[in-house]
C-alpha cells in the first residue's frame, strides 16, 4: 500500500503521460472533445446520405457545413455581431440592475428579522411565477422599448442572485461573526468588512447563475417587439423559413453562454484563492 | 490594595430553553472576581458551562439572571475592552495575517499604528515573517498566534481565551503556553483562560476556578502561588495538580 503510494509520488509525470484511463482528467477532456466531433461528423454524414436518398426535407435540418457557411455570411455583413452585441448588452445591463437590490435584500432577509418579515412573504409569493408569465405585463407597463427588456432580465436574474446571497449570508461561520463582534466591528463596518467578503464567493456564483438566467430569457423578450438581438434574428428567420439562420442564432447564444461562464469561472478561481477548499 | 476587580460575576444563572424539552440549567449562581493583572483558569469537565461563562463575559450571550461587570461597566454586549481568543482561531480567511491584526485594531484604539502592529506580530507572537500569508497557508499553531496578535492589537483590558490550545499538538501547545505567559508578564493584561486540562491550568494560572457540571456550579477557587519562571512537572506544580484533583473528586 505505502510502496504503491511512493511509486506514484516518484514518477508523477510518467504516470500522467501514459494514463489513458477514464480516471485521468486530461484523457477525459480529449474523449469529450472527440464525442462532440463524432456527433458533428455523423450529422454531416447523415445529411450527405439524405442528399441521395431524400428521407427528410433538408430545408428543415441544415447540415453543420450549411450552418457554418451561414454564420460566416452573417458575420461578414456585420449582422451577427450587431445581434450579439445587442443581446449581450441587454443581459449584462439587466443583471447589473438586479445586482444591488439582490444583495441588499438577500443579506437583509438572512440577517435582519425586520427585513425578513417585510419582504420575504412577497418574494416567496412571486418566486414560483415563471418570468415569462410577467413579460406581457412588463411590456404594458414599460413599453416595447429597451426598458421592458432590461427590467424583465433584471427580474429573472434578481431571484437567482438574491437566493444565493441569502443562503450564503445565513450560513456565515458563527465563530467569525462572534470574532467580529468581540473586536468591536459593528454597524455598516460589519456588513462592509465581514458580511460582504464572506459572501463574495457565493455572490459571484449568483451573478454567474443570474447571467445564465438572463441568457435563457433574453430570447423570449426579443421575440416580442424587438428590431435587433439574437432572439429577433431567430424569430425573423422563422418568418422567412431560414432554418440555418435559426440554428446560427441558437448556437451563438449557446457559445456566448458557455464562454461567459468559462471566463467567470477563471476569474472566480483567481479572485477567491483565499478559500480553504480551493484544490478543485 | 483592594481595587475594583477587572471582571465580576455576581450570582449568574444561565438557563437554556429549548422547544418541547425541559429547560436546562447550565450555570447556577456563579459568583467570582478576577483582579487586575491576574491569570485565571476556568477548569472543569465538559458540561460545566465554562465556555458559557466566557461567552457571557464576552457579552456574546446574556445571562438568565445575575450581573456581570467589567471594570466599572455592566456587560450588556461585546466590546473591544474584552478581547476573545477562540479555539477555532476565527481568523478572517480573506485577509492576510497582518490585515486580520489591523482589522481588530481599527475598532479599538481608534487609529491604526503600523509600527505597533509589526511589534505585536514580530516581538510578541513571532508572526512577522508570515504577516502577508493567508490563514489557509498557516499551521494551527501559527493561526492561533495570529489570532492572539489580533486580540492584543485591539489593546483590550481583559483577554478571554476559550480553550485556545485545545486543537494543537502537545509540542505546539507548550510553545504557545510559554509565549502566552511571556505576553502576560510583559503586558500585565488580565487573562481568563478556559481549559479542561489540569496540567495546563496548574502551569498557567495564578487562580484556578474549579467548576462542576450539571448544573455548572463553582466548586472551589485554588490559588497557585508558584513563582515564575515555572517548570513543568516540578514538585510544586504537581502539588497544585494533586490539590486540584483532590477537590475534583469530592
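Including glycine, each Cβ sits where the backbone N, Cα and C put it.
What TrEMBL says about a protein is an automatic prediction, not a curated fact.
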Among ranges A:9-32, A:33-56, whichever one TrEMBL labels transmembrane segment: A:33-56
Range from A:33-56, A:122-144, A:246-267 with the greatest count of C-beta pairs under 8 A to the transmembrane segment (A:150-176): A:122-144
Same-chain residue ranges lying at least 6 outside the transmembrane segment (A:209-234) that approach it to Cβ under 8 Å: 79-80, 82-84, 86-87, 90-92, 94-95, 98, 102, 131-132, 135, 139, 144, 148-149, 152-153, 156-161, 164, 245-246, 248-250, 252-253, 256-257, 260-261, 264
